[in-house]
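First the structure, in the form of structure tokens, and then the observations on it.
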Amino acid sequence: MAAPSAGSWSTFQHKELMAADRGRRILGVCGMHPHHQETLKKNRVVLAKQLLLSELLEHLLEKDIITLEMRELIQAKVGSFSQNVELLNLLPKRGPQAFDAFCEALRETKQGHLEDMLLTTLSGLQHVLPPLSCDYDLSLPFPVCESCPLYKKLRLSTDTVEHSLDNKDGPVCLQVKPCTPEFYQTHFQLAYRLQSRPRGLALVLSNVHFTGEKELEFRSGGDVDHSTLVTLFKLLGYDVHVLCDQTAQEMQEKLQNFAQLPAHRVTDSCIVALLSHGVEGAIYGVDGKLLQLQEVFQLFDNANCPSLQNKPKMFFIQACRGDETDRGVDQQDGKNHAGSPGCEESDAGKEKLPKMRLPTRSDMICGYACLKGTAAMRNTKRGSWYIEALAQVFSERACDMHVADMLVKVNALIKDREGYAPGTEFHRCKEMSEYCSTLCRHLYLFPGHPPT
């Protein structure tokens, strides 16, 4: 099945909506949702009078909602009212994430009363729109978990909105900052070799449409994750292979075929991303049958994949590892890489050196969207929380940070994120990502080096 293009994911998500409502609800690739545009319009005068821009603009600049040129254009206006009007003119053109980022910036600059005003207006607007067909809920921008049963999902309120901590506009707007020659020269000797062109092969396996007795629901927003990762890995210099909607047996067979590709011999690393429903230790095929993750890792270990021996192998798993929704807890007030320890040595047999041996599994790092026993959260419009955070951090920090440290930053973003869906079990829900590693050196991706 061909991957949906980044420019068509929005149309794909909304094709089942009622015809009378279609014009208002379909998103442009880099356009603001009509609900959000109308919310800003209805509060335009109050915002123009009350916005405090000095710190707010810096937050929006940091989130890539505005550019340096836009900030200068705004500040060139005479008077705070005119400056506020200029910002309000720009915001609707700054992508589907601009509204959420604006609300977050209001909160961060102690203008939460304006955020509350916007969210109240937004909730009222959504009540006015015609209800969706009972068979489809593809337009609802609320968080759902990766193991949420279909009957439960259909009961969710149509006026739910999720705050996003992601600051990008999606795959079309992703840009990876290049590594500088100076950084490469000071770090490459202690890191894994990553110089090949391409850097390696990457596989993105995305299951979205499910059949079988399990009655697993359509992974709305899964196509966004798919497009995001394909774009990200290409920008990082990988040759990307795509698989969509595979049964458990097909996943096993095609992962094995991928692991045995001759190109691994002449490239320096490998990436495997698995996006599906799941349980602890396994992911679902579209037929409702499970593929054990240990079987996946085994396909790429030193015994079964000699072409990748001593080369870093990255795995990213976007799937539930249980069905418990993390409700979170209230926060209380307050707030080397080691060398080998050596091995036992015998005085006998010094004449003949033994062949170097490797542990069966090494040089792997695996990022999980959630902890054991818990559900992974996915926004039905913007995709999974984890993939959003992964794309944000890797695009911004691959230039000067190794993969393990980047995954720590991903953890921090996920930790701070909170579901916003009043009236549902997902309101104020939490998620915590994690990673495990058998890497033996720092893994820098060195994007853009050496220059072509």
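In case you wondered, yes, glycine gets a Cβ from its N, Cα and C as well.
The active site annotation in Swiss-Prot covers H277 (among others) and rests on similarity to another entry. Every protein chain considered, the tally of other Cβ atoms within 10 Å of the Cβ of H277 (active site) stands at 27.
Marked as active site by Swiss-Prot: C320 (among others). Over all protein chains present, the Cβ of C320 (active site) has 27 other Cβ atoms lying within 10 Å.
Annotated compositional bias 'Basic and acidic residues' per Swiss-Prot: 327-336, in sequence order.
On the 0 to 100 pLDDT scale, the model's mean across the domain 'CARD' (32-121) is 91. The domain 'CARD' annotation in Swiss-Prot covers 32-121 and is backed by sequence analysis.
Positions annotated as N-acetylalanine by Swiss-Prot, on the basis of a large-scale study or a structure entry: A2.
Look at Swiss-Prot and you will find S157 (among others) tagged as phosphoserine.
Under the heading phosphoserine, Swiss-Prot lists S340 (among others).
Residues or ranges marked as region 'Disordered' in Swiss-Prot: 327-354.
Each residue contributes its Cα atom, and for C320 (active site) and H277 (active site) these two points are 6 Å apart. DSSP labels the residues of the domain 'CARD' (32-121) in these numbers: 69 helix, 0 strand, 21 coil.
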